[in-house]
Amino acid sequence: MLQRSPRAGPSRAQGRREAAETGGPTTQEGVACGVHQLATLLMELDSEDEASRLLAADALYRLGRLEETHKALLVALSRRPQAAPVLARLALLQLRRGFFYDANQLVKKLVQSGDTACLQPTLDVFCHEDRQLLQGHCHARALAILRARPGGADGRVHTKEAIAYLSLAIFAAGSQASESLLARARCYGFLGQKKTAMFDFNTVLRAEPGNVQALCGRALVHLALDQLQEAVDDIVSALKLGPGTVVPELRSLKPEAQALITQGLYSHCRALLSQLPDTGAPLEDKDTQGLLAVGEALIKIDSGQPHWHLLLADILMAQGSYEEAGTHLEKALHRAPTSEAARARLGLLQLKKGDVPGAARDLQSLAEVDAPDLSCLLHLLEASERQSLAQAAAQEAGTLLDAGQPRQALGYCSLSVLASGSSACHLRLRATCLAELQEFGRALRDLDHVLQEALGDGDLPRRAEDFCRQGRLLLSLGDEAAAAGAFAQALKLAPSLAQNSLCRQPGRAPTARMFLLRGQCCLEEQRHAEAWTAVESGLLVDPDHRGLKRLKARIRREASSGCWLQ
């Protein structure tokens with residue numbers, strides 16, 4: 001009957017309901033009088049009944065008779081000096097009366113007792129203002145303990161004591177305990193009780209989803225639990241809301257933890273930038289808010305890291321703020337003058353100004369060093385800009401190849417491939433360049449991509465030449481069997497063109513000999529159809545080759561009963 005509703009700040013409907021249930025001040029005073037009379041009668045029947053004594057004290061408190069309440073509680077305390085329900089009531093009462101030293105001693109005894117089960121029903125009796133006094137006192141006491149906390153094992157003892165005070169403050173505050181919950185969560189984190197700390201941070205965030213300190217705290221707990229992605233997500237959310245709070249928090253971390261978080265934030269932004277629509281259109285403000293917050297925070301944490309300046313430059317370019325991006329690129333180049341990544345970004349800015357050859361010159365330096373980074377940069381361009389860039393790069397590559405400079409041409413070749421979206425003509429150009437550099441494996445991979453494309457009606461001659469190139473590369477790698485297969489495909493698609501190409505390289509006699517060896521091998525393994533194909537292909541190259549003619553006759557004899565020759 002004496003307990004307050006635990007709800008703080010009731011709505012109008014709730015207020016009407018509570019008024020109906022408890023009545024106005026006069027009704028409440030009448031209830032308290034009745035409770036006091038009943039408790040007094042119970043004490044007369046049983047003088048040892050402590051519950052009745054506490055009930056009487058609570059009724060006196062509700063009636064505003066604080067001196068009598070104090071006396072009644074002192075009697076109860078004399079009977080049970082360590083009783084938590086009595087200590088809690090006396091502490092609240094002494095705070096209300098202004099006797100802070102006595103209140104502090106009582107709270108200290110209550111903390112030492114470790115009995116908190118009684119607190120909620122006890123505190124429900126007291127008015128909101130008195131509960132606030134207890135919360136403020138306990139919270140301040142906990143902070144004082146933490147400020148004076150020594151190192152080592154004694155520090156853990158002090159932290160546990162602070163947790164006890166904070167728990168009292170949380171009980172007293174009810175739903176308005178965010179500061180105490182945050183402080184207690186940090187204490188649990190200090191003690192290594194990560195999941196308990198997480199519980200307190202989550203409690204705060206359920207009530208205040210935008211609490212920046214709680215987001216930061218929970219992020220650090222996630223980090224301690226090896227949940228890097230969750231930690232990064234919380235930090236990003238916090239940075240959107242209050243970067244001024246987050247940055248000092250991150251700068252205070254140990255180097256190892258700070259490196260994990262900053263690298264995670266960097267990777268997060270890079271992943272988002274790589275997912276941009278492939279249109280080159282500037283991002284809207286809502287899309288760049290989080291990216292900008294992270295980019296600016298990384299520079300505030302460590303302005304000497306060139307990668308952070310490059311990231312912010314990319315974000316600004318994605319937003320369309322090219323002049324501001326140029327400022328950060330100059331800072332990155334000042335710290336790393338030979339950075340291909342920074343020069344490539346300057347090239348992108350040149351392209352935006354219309355200098356396509358200059359852009360190609362700066363961008364090609366990154367093509368062979370960090371192709372994924374260059375691909376992300378090219379996402380920031382419009383389709384027409386990428387097309388112009390691919391053409392300019394291919395033209396310069398062709399000039400360098402004609403001049404006998406394949407090493408200098410390679411970057412331009414790779415730039416043309418990336419800017420064109422791996423167009424077949426640019427892949428062929430790079431394969432030629434790589435072959436001159438004797439990087440046969442890479443050249444072969446480029447041709448494989450070309451050969452995987454769908455074949456148009458008028459593309460047979462070109463496809464035949466691609467197979468001839470593939471075969472030559474396979475020969476350079478020592479795979480004669482696969483080379484023979486590629487040459488056979490070319491002869492099947494365009495016999496005349498393939499004959500002329502193979503007679504030039506590797507030459508009529510070497511090609512015929514290769515088909516002869518291939519046919520003999522297939523025949524020994526009883527693969528008659530493949531042997532026949534090899535012989536027929538070889539005779540297309542050299543119709544008068546005696547060895548191929550003899551092998552053809554032998555295949556006929558051995559398979560005279562089969563129908564596979566038809």
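Positions of Cβ are set from backbone N, Cα and C atoms, glycine also.
Listed features, source Swiss-Prot:
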REGION    1-29  region 'Disordered'
REPEAT    50-83  repeat 'TPR 1'
REPEAT    178-211  repeat 'TPR 2'
REPEAT    212-245  repeat 'TPR 3'
REPEAT    306-339  repeat 'TPR 4'
REPEAT    341-373  repeat 'TPR 5'
REPEAT    424-457  repeat 'TPR 6'
REPEAT    464-497  repeat 'TPR 7'
REPEAT    512-545  repeat 'TPR 8'
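Here the repeat 'TPR 6' (424-457) does not touch the repeat 'TPR 4' (306-339). Their Cβ atoms form fewer than 3 pairs under 8 Å, with each pair 6 or more residues apart. This prediction places the mean pLDDT of the repeat 'TPR 3' (212-245) at 96. Each residue in the repeat 'TPR 4' (306-339) gets a DSSP state, and the totals come to 28 helix, 0 strand, 6 coil. Look at the repeat 'TPR 1' (50-83): DSSP puts its residues at 27 helix, 0 strand, 7 coil.
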